[in-house]
Amino acid sequence: MTRSPALLLLLLGALPSAEAARGPPRMADKVVPRQVARLGRTVRLQCPVEGDPPPLTMWTKDGRTIHSGWSRFRVLPQGLKVKEVEAEDAGVYVCKATNGFGSLSVNYTLIIMDDISPGKENPGPGGSSGGQEDPVSQQWARPRFTQPSKMRRRVIARPVGSSVRLKCVASGHPRPDIMWMKDDQTLTRLEASEHRKKKWTLSLKNLKPEDSGKYTCRVSNRAGAINATYKVDVIQRTRSKPVLTGTHPVNTTVDFGGTTSFQCKVRSDVKPVIQWLKRVEYGSEGRHNSTIDVGGQKFVVLPTGDVWSRPDGSYLNKLLISRARQDDAGMYICLGANTMGYSFRSAFLTVLPDPKPPGPPVAHSSSTTSLPWPVVIGIPAGAVFILGTVLLWLCQTKKKPCAPASTLPVPGHRPPGTSRERSGDKDLPSLAVGICEEHGSTMAPQHILAPGSTAGPKLYPKLYTDVHTHTHTHTCTHTLSCGGQGSSAPACPLSVLNTANLQALCPEVGVWGPRQQVGRIENNGGRVS
C-alpha cells in the first residue's frame, strides 16, 4: 500500500512528457536544398520528417501536385523517386508533411545537367550518385525509349485535313539527340510553328495526301543509337453519301408499357448526321407542329442521342422507346446524311395491346361527382318527402264512414259460456255487439246486456282517437236479438244484420229477442266477430 502513492506520482510525472511528444511534424535529419542530377539517370529526393501522430506527405513540382498519372514519378514513404530524368524535370520540388497538430515543408531545387565531368559537381546526399561519383556514373549509357506504351500504334490512318502526333521519348547518357526522317529522308523544314512543340514529339497538322509515308525517329548519343518507325496513311476523302451497313434497324415488337430500341449503323467518310423519323399516320397530321417529306410520305423528327464512332470507321446511333403505347406503333426510319446526300432505312414497331381490362367510363362518374352536395342530398330527400306525402294522402282517402254489413266476413260462432262472468266486462265473447262508427258526430252510448239480466244495460262510452289525424271517433254498440224475451227460438243468424237493420239500429237501440247471438260490427276494422 505504501508503494501506491509513489507509483501514482511516477505516472503523473510521465504524463507531461508524453504530451510533449505529440505535436506537429519536425525534421529528423538535415537535407541539401540544391540537388543536381544527370540527364537520363534516376533521382531520389528524401523527406526526413517525423511526428506524433505520423504525418502524411504530399509532393509538388512547381506548384503542381505529383500523382500516379506521372509515369516516371513515384511517391515513396521515405521520399520521391524520379526515373530517367529529363530536362523538363528541373524545377522546385516541395515535400509537405501534415498531421493533426500542424505541417512542415521540405524544399528542393532540382537541376538537370546534360553532361558533367567527374568531381566538377557534387549532387549531395540526396542526389543520384551520393557524395562522390561511382564507377557507373562515369560510364556512358545507350539511349532507350522511356514511354514505349505510347509507341505501340505504329500504323496510323488519318483523313485529309486532320492531324497526328508521333512520339519518341528517350533517355541516355550523355543526353541523346533525336532526328526525324520521312521515307529515309531527313526532314529539314517544319510544316508549322508547332511542328515540334516538344523535343521528342513530331506533330503533323492539316494533313494532305502527300504527307503519307514512313516516319522514323533516330535517337543517338556517344554510346549508341535507336530508332522507331511510324506509317502514316492520309486517306483521300471520297465524295459520296453515307451508306447504312448491317441489317439495322429491324422490325421490333414490344409489350404495352415496355422498353425497346432501334439502332442504326452508318458508314461515311466524315462524321454524318444521323436522325430518327416517325411516319405520321393518316388523320393525325394536326397533332404535329412540323413534318418533313421523305419519299412522298410525311414524317416527324424525333429527338436523337449522341453518335458514336466505331473502330471500323462506321458510326452508331440508337433510338430508345420507353413506356411504349399504342401511339408509338408505326414506321420509323434512320436517316444518315452528309454534304453529299443521305440514305435511310425503315423499320416497323408493333405495340401489343394492354393486358389490363379497361376501367369504367370516366365521363359518367365525373359528371355524377361534379354535382354539388346539396343537390345530391336534396334530390333523394325530396323524393322521399313526396312519396311519404302521397302515401299519407292515400291512407286518409281509404277511410270510409261505415262499411255495409253485407260485405263483411262472417266469423265462426262462439256459444255463450261462463268465461264471460270470469272476465267481466272486459271480455264479452257471447254478446251481440254492433259498432257503427261515424266521424264528426256524437252517437248513442254502448248498451251491453248480459243474458238473463233484468237490470238496465250498462253504458260504456267509447272514444277512439286517430293517431294520424288526431280526430275523435265515437262508436255506438247495440244489442241485437231475434226472438222475444223468454223465447226459445235459436239465435238469430248474422244474415239479419243487413243494411236495412243497421240503418235502423244506428240511431237507437232495438231488441229483437233473446241475446244469444252476438255480432260486433266495426266500421274501421271492417270485420264481424
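The backbone N, Cα and C atoms fix where each Cβ goes, glycine too.
Database features (Swiss-Prot):
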| type | residues | note |
| --- | --- | --- |
| SIGNAL | 1-20 | signal peptide |
| TOPO_DOM | 21-374 | topological domain 'Extracellular' |
| DOMAIN | 25-111 | domain 'Ig-like C2-type 1' |
| DISULFID | C47-C95 | disulfide bond |
| CARBOHYD | N107 | N-linked glycosylation site |
| REGION | 117-152 | region 'Disordered' |
| DOMAIN | 143-233 | domain 'Ig-like C2-type 2' |
| DISULFID | C168-C217 | disulfide bond |
| CARBOHYD | N227 | N-linked glycosylation site |
| DOMAIN | 242-350 | domain 'Ig-like C2-type 3' |
| CARBOHYD | N251 | N-linked glycosylation site |
| DISULFID | C264-C334 | disulfide bond |
| CARBOHYD | N289 | N-linked glycosylation site |
| TRANSMEM | 375-395 | transmembrane segment |
| REGION | 405-427 | region 'Disordered' |
- Rounding to whole Å, the Cα atoms of C95 (disulfide bond) and N107 (N-linked glycosylation site) are apart by 6
- Message: Quick check: of the recorded positions listed here (C47, N107, C217), which one has the Cα closest to that of N251 (N-linked glycosylation site)?
- Response: C217
- Might you list, by sequence position, any residue in that chain lying six or more from C334 (disulfide bond) with a Cβ less than 8 Å away from its Cβ? L244, H248, P249, F262, C264, V266, I274, Q275, W276, N317, L319, F344, R345, A347
- Item | For C47 (disulfide bond), the three-state class that DSSP assigns | coil
- Closest by Cα to C217 (disulfide bond), out of the recorded positions C47, N107, N227, is N227
- Note on the structure: Close to N107 (N-linked glycosylation site), taking Cα pairs within 10 Å and only the recorded positions C47, C168, N227, are C47
- Query: In the domain 'Ig-like C2-type 1' (25-111), how many residues does DSSP call helix, how many strand, and how many coil?
  - Reply: 3 helix, 51 strand, 33 coil
- Would you list the DSSP helix, strand and coil counts for the residues of the domain 'Ig-like C2-type 3' (242-350)? 6 helix, 58 strand, 45 coil
- Message: I need the CA-to-CA distance for N227 (N-linked glycosylation site) versus C168 (disulfide bond), whole Å please.
- Response: 8
- Ordered by sequence, the long-range same-chain Cβ contacts of C47 (disulfide bond) under 8 Å (at least 6 apart) are T57, W59, Q78, G79, L80, C95, A97, V106
- Largest tally of Cβ atoms lying within 10 Å of a Cβ, found at which of the glycosylation sites N107, N227, N251: N227
